[in-house]
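If you look up Swiss-Prot, you'll see C69, C71, C87, C90 marked as Zn(2+) binding site. Residues or ranges marked as Mg(2+) binding site by Swiss-Prot on the basis of sequence analysis: D489, D491, D493.
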Amino acid sequence: MIDRYKHQQLRIGLVSPQQISAWATKIIPNGEIVGEVTKPYTFHYKTNKPEKDGLFCERIFGPIKSGICACGNYRVIGDEKDDPKFCEQCGVEFVDSRIRRYQMGYIKLTCPVTHVWYLKRLPSYIANLLDKPLKELEGLVYCDFSFARPITKKPTFLRLRGSFEYEIQSWKYSIPLFFTTQGFDIFRNREISTGASAIREQLADLDLRIIIENSLVEWKQLGEEGPTGNEWEDRKIVRRKDFLVRRMELAKHFIRTNIEPEWMVLCLLPVLPPELRPIIQIEGGKLMSSDINELYRRVIYRNNTLTDLLTTSRSTPGELVMCQEKLVQEAVDTLLDNGIRGQPMRDGHNKVYKSFSDVIEGKEGRFRETLLGKRVDYSGRSVIVVGPSLSLHRCGLPREIAIELFQTFVIRGLIRQHLASNIGVAKSQIREKKPIVWEILQEVMQGHPVLLNRAPTLHRLGIQSFQPILVEGRTICLHPLVCKGFNADFDGDQMAVHVPLSLEAQAEARLLMFSHMNLLSPAIGDPISVPTQDMLIGLYVLTSGTRRGICANRYNPCNRKNYQNERIYETNYKYTKEPFFCNSYDAIGAYRQKRINLDSPLWLRWQLDQRVIASKEVPIEVHYESFGNYHEIYAHYLIVRSVKKETFCIYIRTTVGHISFYRELEEAVQGFSQACSYDT
């Protein structure tokens, strides 16, 4: 469909019977209205032509061959002569055969049937709106019991038994047998209601605004009562409140979209265009048919049988009529969603029929495989690897992929700069991989974002835009912080690259889809760009160090490789003196010169506020110098004091990994603060 803003879109929802009839019916030039499928036949076994009023009827769905009717007559399509535009003998219009891809038909159901998606799927929308248990509604739909109608004070059959609603289980066999078909219809239409028609009546009587008001009042009352002290009762109250919220949201959605609740019960069943459920002839003259055709045939057979029972037969028991209505309901359920009520229906080879739900849902369904998963131009695909040196909003594209994606832009750049006279010369330069080609490619990529998508796209962060840069190799480089949004890791995952072409798409990619603009989860608001995968391992290795404290490391034989300034005593103990550094640059320089390791403990001079130091903490050791100065050694810091107990300096006990991690955090915070100050 196309909305008022000329956006092509697809929407799945409920439609009225009038809308279904408008889609499926058409008036041929002689004034006859066609569109209803009344026969369960497909092709005639002798002539191999579609049966009239059948599932492949050319009067309803259009000719099989363009401009040729069922009789074999031919007319030129679009001819402005006064010849009739349809065959007066067979009633087939002379139109293009492509009409069979979108022209629908319909089946007029003798009895209403509920749409199984809205009854059996969780949550059950019909049960939520009616505020009744799902099992009770199922028993009503499949004619297991009935409801009593509120009628006038006239004498009724049900008054003989009082409350019919609670005694129907013992009466469900006696009542249909008591009446003939004609009498049973009078009785049922006047005093009881059963089947999908009962659901339709109850849905039609609903006032959605009153439902919202009553649900809100009940929700407030439950909230004011507070906990009862009984855990089971409290859970029931919480579940009831959640149900009321869902019911109000559902009623608001029906009001907002102008959908009537009774549309969840079908009176007209749409028939798909025949090209979407084809019958194909294979080798040996055998025919292969779509499973949907067989399911449609079953619906038509049972619907016609019910019509015959109600119109031709006068002595059929009412129970048989109710049984046939149940069969029609089950046939429509199987057509829409096979197996939703239990065991799926199978063919003669014990193969499960593919229903309408099976055709459209899942990885191999119509949407994901044909509409979303099909190959498109200006797209590529490759394995992703980590790019730790990339910025958050950048991705690395291999040269092979980039030159294919941006080939048209590179050709235009070569021609504009008079480096190529025509498209053929430009393509030859690209094939030869001349240096000027890569320069123009980099210029093009600087102003053109790309979209990265990882299947399955379960939320909007499954597609994000990045600024591409050229990298060597044949893999796509990705910043590890964006992995959580894609639910990706680097164990062989693949991602697709798409190039937005229109200005609107590029603007949307820059303003809404850039990775650095999607730092929070749109669902719950939690940070989505958090360290994962290799970043967590790297941070752990960087900041691990030793966990056993200063006492355990005084004479630790495991630290033999940590230091160059080591002293060995005759007592077989190894004393490892921890080095002192005045600043972080000296410590990192010593690490680069391989004088210390990444996790080697060291003392770093630091400007530490003494108010942070606990006054009750007692030093582990005190070292005195010859001039009276002394060192107070604590678990994580060291204080150098004079004879007069004045503090000269403070050292903290850390590692090179901690120093590097702190410097990275400090630079990031300073850069963020500067960016915020520029914005303000």
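Cβ atoms are placed via backbone N, Cα and C, with glycine included.
Small disclaimer: the values here were computed from a predicted structure and weren't measured.
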### Residues satisfying Cβ distance under 8 Å from C69 (Zn(2+) binding site), sequence separation of at least 6
E58, P63, F86, C87, Q89, C90, V92, E93, F94
### Task
For the recorded Mg(2+) site formed by D489, D491, D493, name the remaining residues of the chain with Cβ within 8 Å of the site's Cβ center, in chain order.
I384, A488, F490, G492
### Query
Whole-number Å distance between the CA of C71 (Zn(2+) binding site) and the CA of D489 (Mg(2+) binding site)?
62
### Query
What count of other C-beta atoms do you get within 10 angstroms of the C-beta of D489 (Mg(2+) binding site), across all chains shown?
15
### Query
Cβ within 8 Å of the Zn(2+) site's Cβ centroid: which residues qualify beyond C69, C71, C87, C90?
A70, G72, N73, F86, E88, Q89, G91, V92
### Query
Here are the binding-site residues: D491, D493. Which has the lowest count of other Cβ atoms within 10 Å?
D491
### Task
Fewest other Cβ atoms within 10 Å: which of the binding-site residues C71, C87, C90 wins that one? Let me know.
C71
